[in-house]
Amino acid sequence: MGCVRSKEDKGAALKYRPDNSNATPVNAHLGHYGPDPTLMGHSPAMKTHNNSYNSHAAALTPFGGATSVMTPFGGASTSFTSVAVSSPFPSVITGGVTFFVALYDYEARTSDDLSFKKGDRFQIINNTWYFGKMGRKDAERLLLVPGNQRGTFLARESETTKGAYSLSIRDWDEVKGDNVKHYKIRKLDNGGYYITTRAQFETLQKLVKHYTEHADGLCYRLTTVCPTVKPQTQGLAKDAWEIPRESLRLEVKLGQGCFGEVWMGTWNGTTKVAIKTLKPGTMSPEAFLQEAQIMKKLRHDKLVPLYAVVSEEPIYIVTEFMGKGSLLDFLKEGDGKYLKLPQLVDMASQIADGMAFIERMNYIHRDLRAANILVADNLVCKIADFGLARLIEDNEYTARQGAKFPIKWTAPEAALYGRFTIKSDVWSFGILLTELVTKGRVPYPGMVNREVLEQVERGYRMPCPQGCPESLHEMMRQCWKKEPDERPTFEYIQSFLEDYFTATEPQYQPGDNL
């Protein structure tokens, strides 16, 4: 939900002028941010035109982005008159429209505020297709989820032009396959909107309605609103951290490793979760609980959140459930087999984003590889098991050259001398890149662990995988520099990967050439 400013004709005693004097309030429509609390008859905070807007209503910034409790535009407790107007368009595309008219002048106090004059009219956007503050990469990620068809679309706040919007549409062509086109929606001085100057509209709703009926120069006609992603909770419940084993039900076994199993399960009969069970003796319960307290505080949208633990042996680790499983399995046996290089590089960018956060927090993963990355239904990648490798007490692992130790992913200084740093994680990330572009192939094919150690120490590095661009292989080689300090930071890697394709392509389709 967001707010668009437009001008209202001023009259001597005119408080507001409805676009349709016989209009009745539209029903609340579930959109990206849930039902619109500003619709008349649906919010206890909405008053008549003689009263002030209640400042503890839903947070409304000009584009729906603020999270703090505030009045409609960030600061003052300003009086508004509202009128809900019915929409002549199908609700699945347009939703409801609500207008506010300012009764007083207001001067912006912060960058999140919006200055306005008495009589200015504000249009509240209440549409499932409006996604508010969302970057182009996140928009592409959502639109390219398998199952979405050509013409699936969303509108969002423009990253590059304040006060403008972007229309993102899923497209297809023989050269690129599935891809996303972005069009800038610009504002007219009189409050209207356009993509191309020859087709101008009073409201965003009318613009969207037009392009659902005709492509009219766009890459494809708008067909379906992009499905939203169900938000994840930060935990199971208040104070639900160390939980009883009886509150968990193991339902479907998802995988098995050297140190335990992974299950899909349910907590308290209500919440779907992933449960990692560790074999007794894998690690000290006391050490695990201490580490888990740190892991619990590491919150980032590219890290699998730790929900709760069972700290008595056998230890249970309860996390968010990720529908596509491990990245390794997804690439070898799932839909990942069919992904093209742009999607694979985007996954790498997401992983680098999570690792850049770990880097900023002065933490270390120690076991970064495709098997420890999980994939959600919308192709979002999240890093799992960060920090746990340090706690493993198995002799076949702690020897570092034992059968259970992931030699092929480990930097030489860590494998030979136990010197684990964020730079040894960077080395591992370079190996993970090879897993991505080869769809899950084991690194150093044909070589055993001891041979890998010897060859790497002598300067051997894996050649460029088939189909991998040389520039991406060069990034791998940067990650495999012998001296740890010469390896790039994750912040740099993430920036490089995020811009890998967009740096040579136009950010937006040229609207005036439509």
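Every residue gets a Cβ built from N, Cα and C, even glycine.
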Given ranges 1-34, 35-68, 477-510, the stretch to which TrEMBL attaches the annotation region 'Disordered': 1-34
The domain 'Protein kinase' (248-501) [mean pLDDT, rounded to integer]: 87
Residues of the domain 'SH2' (129-226) by DSSP state, where helix covers H, G and I: 18 helix, 33 strand, 47 coil
Number of Cβ atoms other than its own within 10 Å, given for Lys276 (ATP binding site): 21
